Amino acid sequence: MIKLLCPAFGIWGAYVVMAVLILICLVLVTERSLFAGVRNRGKKVYENAREGAQLRKERAAIREERLRLMREESLNRKREEMKAEKESLKMLSRKQKERVKKGSLNDSLDIREIPLQNVHEVIPAVPKEKAVPQKPPKKTDDGEPELKFLDFTIQGMGERREEPENGGIQLPFTDGSLSMEERKKRRRELYTIHEKRPGMFEEQLRRAGEIASGVAMPASADQEPFYEGEGSGEDAYIEEEEVLESLSRPLFSEENFEKVNFVEEPVQESEEFTEEERIDVSEDGRIEAAADTERPLSQKREKNPRSSKEEQQEAKEHVAAEIAETAKIVKPEYVFPPLSLLNKPKGGKSGDSDKELRETAMKLQKTLHDFGVGVRITNVSCGPAVTRYELTPEQGVKVSRIVNLTDDIKLNLAAADIRIEAPIPGKAAVGIEVPNKTNSTVLLRELLESKEFREHPSNLAFAAGKDIGGNVVVTDIAKMPHLLIAGSTGSGKSVCINTIIMSILYKAKPEDVKLIMVDPKVVELSVYNGIPHLLIPVVTDPKKASGALNWAVAEMDARYQKFAEVNVRDLKGYNQKVEMMAGKGVPEEEIPEKMPQIVIIVDELADLMMVAPGEVEEAICRLAQLARAAGIHLIIATQRPSVNVITGLIKANMPSRIAFAVSSGVDSRTIIDMNGAEKLLGKGDMLFYPQGYQKPARVQGAFVSDSEVSKVVEFLHEKNMTGQYSEEIEEKITQTQKSMAEGGGSQTVDDYFVEAGKFIIEKDKASIGMLQRMFKIGFNRAARIMDQLADAGVVGPEEGTKPRKILMSMEQFEEYVSDYV
């Protein structure tokens, strides 16, 4: 058979044909397909995928149902609260009407009816804190109890009658049904009371005059009550009626009446009666709660890639106005806050004990030996949270063999996670970092008391924390010169920013260092409002934040112009030149002021990039590229270290970085261009990678609590150290705004915009390919020009692959160019 096929197919072709024929015969004989297994497995995969999709749909439906029920419960709760509030107001109004109907004024007092229009608010009774403490009633010579003053208030229609406190009784007015003899008897008893209480009749007479004039008398916290009874018995009620009845009759002769000095006391409100608690009474007797005049309205943030020039200029004007608010205030001498405001570190040894360290070292060496890797442990460095074991491999042992055993080492040491540094920079050893069994907190006071921080010459010294060997790490922000901080939620970014700010407050004076804080989260940095180092209050609006960054760019340009005028290269040289001019006897008017260093702190970059990415990224890049010599430094923090937040342009201009714990190696590479941050422990554990380091160093960051920050800020407020700004800043912002207004128009459209518009109007059709061929430009630029023409209304929207429609004539386009371009 093969010989027959060889002439036609060749020897290899013959074998192939024979194999195919054999397979066909096997299929025919056995009646089984060769691809049945593949088909069955494909069905199983399909069924599994369908079941998984169905399960996910069911779970999503359950979640939606739960969310719906939660929303319904929340709405029902709100409706019940509103209904209860309305019912309480109705009940209160009903009680007021009943009390007004029951109460009647005595005709003998000749009190005019109080008009309803004059009743505006309910006056509360005496607060419990202001009430005079109860005392047992004193006895007179006849053995009868002596009456004290009675606290009562005349109230108009619709007002609320308050119950007196401490057991006192609010009396109704008498009806004048007593006989003349009883009235004379009670008047004599009242004279006896006046003799035992000197000065009492003046107070009663004054109050009787107020009652006769129809003036409602509030129960002030500063007035002594007329009466404070032990209970509400009949005897007390009769005695109080005697006092009130005596007020309705002329008690004194005209001679005594002339001797009385009437003193008008101002109507006072209770200190505990706030503006929100007042209740207005309407003309028809309904009680209405006072409306809140100021309610914060939720502002919707509009997502736009770039704000208009008017919005940017308005934001910059707002920033400049806030900076110049207190420009004329005399600056007090800055007093550094004492270290006693911060918490002391607890005593005792930090980290694991020597015995535990030796046991772990022996276990580590044995584990590597079991896998055939010979090493020798040369050093152990115990830090606050992590211990590093330094291993020297034997001759011929590859470093990669140690790195590949990471999971096995973790298993044998029963550690949460380990990090291998192979090799350690500057040493012939491999470092294995193992978490401590007992972590110790690094407090800020411990770092600020250290010799490294106290003797650091820079005003921008920053106490970062303690390294793997327990040594204090202090760095200079001016040498960074810009810092990028990134990490997941709860890893310690905000505490790190607080540490930087507190270090500056303890190291630098306000005239040497100024701060601009941007806090889109509102709650993190607002506590620092009012400290003397702030140029403007903490910025919480993203639009205003872009205005502050644009102001910083203008300030940078203005500083470089001044440097050029005096022929210096940086801020340090400029300030030295000013000092030299002062030492040479130059008139004080001709000596320029010293310039402070400016640190701009942005707590959450991701939010700014969502609201205004164009202007924020442009301002940050300009400052990062040029602001170092001008003394302006950026510190940017974000919890979402993705590429669209930390763009390549921003990362290229931020040479110093701090990486806190992140969820994946991709995020770690986004921050520090290498893996490692995904193995951090959190709670201040960081990879510190400033400019000049070959590799990032592992550092345990300092912890500063909110109470410590509040104490320091309150100390600065007590010393009358509020934010004070320079008068020259407004002039600088004005000059920058003019220059941006003059030069900003040419940057809004492409250079070929006018020519491209005329070209497509002449051709009566528009496409990106036409612009590419005509002006010899790339696709991206041609597409951008087409989008600009569409925004200007020259061409219509795109319609698939068809050319765009022309919407303007040549005359209309020329008119548009003269007006807007």
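Cβ coordinates are placed from backbone N, Cα and C, and glycine is handled just like the others.
Annotation source TrEMBL lists ATP binding site at GLY487, SER488, THR489, GLY490, SER491, GLY492, LYS493, SER494. Using a 10 Å Cβ-Cβ cutoff, SER494 (ATP binding site) registers 20 neighbours. A helical conformation is recorded for SER494 (ATP binding site) in the three-state DSSP classification.
Here TrEMBL flags 77-89 (among others) as compositional bias 'Basic and acidic residues'.
Taken from TrEMBL, the feature compositional bias 'Acidic residues' covers 266-278.
Marked as compositional bias 'Basic and acidic residues' by TrEMBL: 279-318 (among others).
Summarising the annotation, TrEMBL assigns domain 'FtsK' to 469-669.
The region 'Disordered' annotation in TrEMBL covers 77-97 (among others).
Feature annotation from TrEMBL assigns region 'Disordered' to 265-318 (among others).
The list of residues near the transmembrane segment (12-30) in space but at least 6 beyond its ends in sequence, with Cβ under 8 angstroms from a Cβ of it, reads 1-2, 5-6. TrEMBL lists 12-30 with the feature transmembrane segment.
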Cβ-based neighbourhood (8 Å from the centroid) of the ATP site, residues GLY487, SER488, THR489, GLY490, SER491, GLY492, LYS493, SER494 excluded: GLN639, PHE660, ALA661, GLY682
Same chain, 6+ residues apart, C-beta under 8 Å of the C-beta of LYS493 (ATP binding site), given in sequence order: ILE485, ALA486, GLY487, ASP603, ALA637, GLN639, PHE660
Binding-site residues (SER488, THR489, SER491), the one with most neighbouring Cβ atoms at 10 Å: SER491
Binding-site residues: GLY487, GLY490, GLY492 - member with fewest neighbouring CB atoms within 10 Å: GLY490
Averaged pLDDT, computed only over the residues in the domain 'FtsK' (469-669): 87
Residue counts (helix, strand, coil, in that order) that DSSP gives for the region 'Disordered' (77-97): 21 helix, 0 strand, 0 coil
Three-class DSSP secondary structure - GLY487 (ATP binding site): coil
